[in-house]
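Novice: Got a structure for you, written out below as structure tokens; questions coming shortly.
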Amino acid sequence: MSSEEMLYAKGSKIWIPHAEQVWESASLEESYHKGDTILKIQTESGALKEIKLKPDGSNLPPLRNPAILVGQNDLTTLSYLHEPGVLYNLRVRFCERQIIYTYCGIILVAINPYADLPLYGPNIIRAYRGHAMGDLEPHIFALAEEAYTKLERENCNLSIIVSGESGAGKTVSAKYAMRYFAAVGGSESETQVERKVLASSPIMEAFGNAKTTRNDNSSRFGKFTKLLFTNQMGVMYLQGATVHTYLLEKSRVVYQAQGERNYHIFYQLCAARAKYPELVLDHQDSYQFLNMGGSPDIERISDADQFNETVQAMTVLGFSIQQIADIVKILAGILHLGNIAVSKKYMEGSDVEDSDSCDIFQNDLHLQVTGDLLKINAEDLRRWLLMRKIESANEYVLIPNNKEMAMAARDALAKHIYAKLFQYIVNVLNKSLHNGSKQCSFIGVLDIYGFETFEVNSFEQFCINYANEKLQQQFNQHVFKLEQEEYLKEGITWTMIDFYDNQPCIDLIETRLGVLDLLDEECRMPKGSDESWAGKLVDKCNKFPHFEKPRFGTTSFFIKHFSDTVEYDVNGFLEKNRDTVSKELTNVLTQSNMQLCKQVMILEEVDTLGTDANKIATTLGGRVVISANRKQQLNETRRRVVSSKQHKKTVGSQFQESLASLISTLHATTPHYVRCIKPNDDKIAFKWETAKIIQQLRACGVLETVRISAAGFPSRWLYPDFYMRYQLLAHRSQIDKNDMKQSCRNIVLKWIQDEDKYRFGNTQIFFRAGQVAYLEQVRANLRKKYITTVQSVVRRFIKRRRYVKLQKIIFGIQRHARGYMARMRAQKLREARAALILSKYARGWLCRRRYLRLCHSVAGIQQYARGMLARNRFYAMRDYFRAVQIQRFVRGVLARRAYQKRRRSIIICQAAVRRFLARRQFKRMKAEAKTISHMENKYMGLENKIISMQQRIDELNRDNSALKHKTSEISVLKMKLEMKKNLEHEFKNIKAACLDKDKLIEALNKQLESERDEKMQLLEENGHSQEEWNKQKQIWCMENRELRKQVDSMIEMAKNAAGNQREHEERMLTEIDNKELNEAYQRAIKDKEVIENENYLLKEELSHFQQQHNGIAAFNMHHTRTASNASSQNEDDVGYGSAKNTLEINSRYPDLRNKNDSFLDNTSIVVKLRSILEEEKQKHRSLQEQYVKLASRNKPTEDSFRPTCCPPRGST
């Protein structure tokens, strides 16, 4: 039986093509035999199909890998290396296990999950640090660790090439690789160098990334970042970095397709326009350069926050505040430049349109704002947008631009400014990242655009695909070289592996009379056009096998790239290749007053990577070159392009030189490859679209790697591993545990007769594709055979053991059954006897229970009956008791009512009798009050008191006269004060140079100002006090009038009264007069105390004023009168009167106490003293008049006091 017949047996799993799923799994319904032309299969959906085969079996469907190999982390370890096997393995890992990384030899395949996964934290970095590639699950950190370890071990230059189509995750993969290098090359806590390296990413993304229909953050340029390391004591430390860019998509600045955006930085700037009002920016939809795509927003992304992050990153990388402000102005100037309106121009004096010229209004707002922002002459900008200069040998001609040409000149200027600004930012980044110190070696991270094909492919797609052709060639050569090195290391014989060589396609593009050469030649032609260039392509390039002309039309051509055939539209190729901008317009910007704008416009294109590549080639020099002929052709091409000095370099030639420098750099390094795959166009997490993924696998070289591996010896086993798995395939005599290599050789020679199917290396055994699966099948068959034999012996042993066991069990069961039956008979006899005894006791128990229940029932009935009778008796007794209580309370209420009625009658009678007796006694007392002796005794004490009060008033008058004398002295004191001030002024002038005296003068000036304020405040307080005095005087006048009325009424009542009992009434009258006189006397004493206190306070204020003007320190003005001070003024007034008067004075005149806290004005003091003295004199005169009137009145009669002063005794 051949190996094919063994592998394609009934039930084997195979793969068959499918229209939608590309590949579909099926199983064989019949075994395959050599010579069969039909193969019956059944698909997974249950459909039966027949496949036609060639008689030699060369088109047999590919076999599925064994289940043990499904989901392997390295595609090259699969037994069957073919397209469906690779696709299925990736699908299992991505969809079922949600693993996004898979190895394919030296390639790391990364599938974009469109979801945030916790795979890139510091703990993950520490987990992969120090582990070899393959020890842990595939990861971008594992690839970076492999490169960093090789850098430490061999001190050589390395590179990581990240490629894939737009939206596949290239930028993110490159970012995480650089993050790993920054972490392990420095420390986990970011230092200044690591911060700068990581901060460069948001800047490059803001200025070089844009939203496309396939990706929200698509890189529109190629980027090669060189991380520079230095060797310090055997450890590589990150020293700095440099960034090299390729082919920025300048056309995106002025045009975006539907559903796409311009570069992120423009939308970020519009979102943050409130921070820069000088830019005169509006909403992003109002600018022509930003509203073409109709998709200005990105989901879950805030442009304002992104702008803050970009500015912060620029600050970290050394951009000054002025530089950032100027960059923002240039960006805003580009936006306003795009809004400059170019209008039609009409012939002078008519309405006929002038098709050869156009016009821009001089007062155009955006034109003026652009001139102000860029600090250029707006009129010069307008002039050269409307005109162009054509130079000849000795003169130049000005030709007007039509509307289309003016708009093209405006757009070309905008692209030119942005490209120069982008180049300037990259230069600043490189200066900031590279500190100038000497580096030992570097790791380059290449983030470059993948193969692109759209409905309309232009010059950008052509350059991108050309770069991918060159990179694919370098990749194929490197993979082929690694295969050779592996075979040489193992010491096996091998033959040349045939692999796809895309050199013919590269020759079509870059050789003499190729696409780029013809494009440059057409650009140098005065009347060159896209159509004429397309015609030359058809004529000159039709001989190349990778070139195809279109069936219809002449505006396109086809190129067969390594991944697909692409149709290119020639429209715009020449303009984009020339990248021309008016020299006059650039001169206008060069003459700008903004330093940054001038500096940006004079930047020159410098291929720094080419210089670095030459240095690396001179330093290393020991790289293996696969094809010397190709290298020579490349050098010739570069020399031919560079030697053309009379013309400006075109974009194509510049890109070709940059690409050659890049390939040279990659050849001088050890490359590592990351292929990013985009699983779907809908950006749905873990969604798998087979057709899209297989196309990317073909384009990125993964399947080519698989094919190269399959063409050689893809399956490789170490001798110990092979021995442990396949030792059962050989006889025991052929196995030697001490010599595993010879044992493995015996196993292979026994089962594989074709020597071309395997090779024995020094440490491994190499197998062709499918041989490991064949050995697995043989091993499975042998295991099946051996297992069947072992099963038969084991089954016999199990059956016999079971028979013996059953026999023993049956004997035991019989023995136990007989014993059980005997025990059952004895048990029945015992149960019969026990039943009789139980029935006897049961009957007795039932009778006793019936009797007891009856007794319990009778006793219960009796108990409840007795209780009911007792309760009834209790209720009757309680009702009787309550009735008695109610009767008792009712009788008490009636008795109390009768008693109260009688008591009220008795009290009325007593009151009438007492009233009669009281009236009679009142008449008797009233008659007594009219006697003259009684009146004389009453007024005798009052005369003495009035005489003493008159003496006191005289003393006060003398004091007042003394005060008047002192007030006259105030004027003298004022004069002295003025003299003193003059002396002080002279003294200040003499001592002006002394700093201490200056401070004293300032203090005195401040004090004088405070005194003025206090004087003004005192004047206001004097006004308030005067108002209070007036109010108090009115109150006193009212009291006097009321007192006079009372006295008059009393005299009238005394005149009209008559009656008996004179002596008693005179005594009562005497008491009443004494009370009134006492009250008048007390009021006089109070007034006297007020005058004394005021005099005392005035004396204190006057003395304090004199002391202040005589230079004496301030006196404590918070002194108040006490009871002792009050009593000392009047010897007759002692006891409660003095203290009471003092309190009344303090409460009645609070303003006099508050005056002690400040200095008094001289004028206010004099005025106040006079007013107080006049008021006191008036008070004394009014009191004397009142007393005289009271004394001159007739004596009251007895009847005048009877109705008011003597209430009847029985009225209480």
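Cβ atoms are placed via backbone N, Cα and C, with glycine included.
These numbers come from a predicted model, not from an experiment.
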Novice: Look up coiled coil in TrEMBL and report which of 337-378, 463-504, 505-546, 925-966 it refers to.
Specialist: 925-966
Novice: For ATP, what surrounds GLY164, GLU165, SER166, GLY167, ALA168, GLY169, LYS170, THR171 with a Cβ no more than 8 Å from their Cβ centroid?
Specialist: ASN112, ASN215, SER218, GLY450, CYS676, LYS678
Novice: Fewest neighbouring Cβ atoms within 10 Å: which of the binding-site residues SER166, THR171?
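Specialist: Output over binding-site residues SER166, THR171: least Cβ neighbours within 10 Å is SER166.
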Novice: Across all protein chains in the structure, which of the binding-site residues GLY164, GLY169 has the highest Cβ count within 10 Å?
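Specialist: When each Cβ's neighbours within 10 Å are tallied, GLY164 leads.
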Novice: Averaged over the domain 'Myosin motor' (70-780), what pLDDT does the predicted model reach?
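Specialist: For the domain 'Myosin motor' (70-780), the model's average pLDDT rounds to 81.
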Novice: Tally the residues of the region 'Actin-binding' (659-681) by DSSP class, grouping H, G and I as helix, E and B as strand, and everything else as coil.
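Specialist: Here the numbers are 9 helix, 8 strand, 6 coil.
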Novice: Taking the Cβ of GLU165 (ATP binding site) as the centre, count every other Cβ atom within 10 Å, in any protein chain shown.
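Specialist: Its Cβ shell of radius 10 Å holds 24 other Cβ atoms.
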Novice: Applying a 10 Å Cβ distance cut-off over all chains shown, what neighbour count does GLY167 (ATP binding site) have?
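Specialist: Its Cβ shell of radius 10 Å holds 22 other Cβ atoms.
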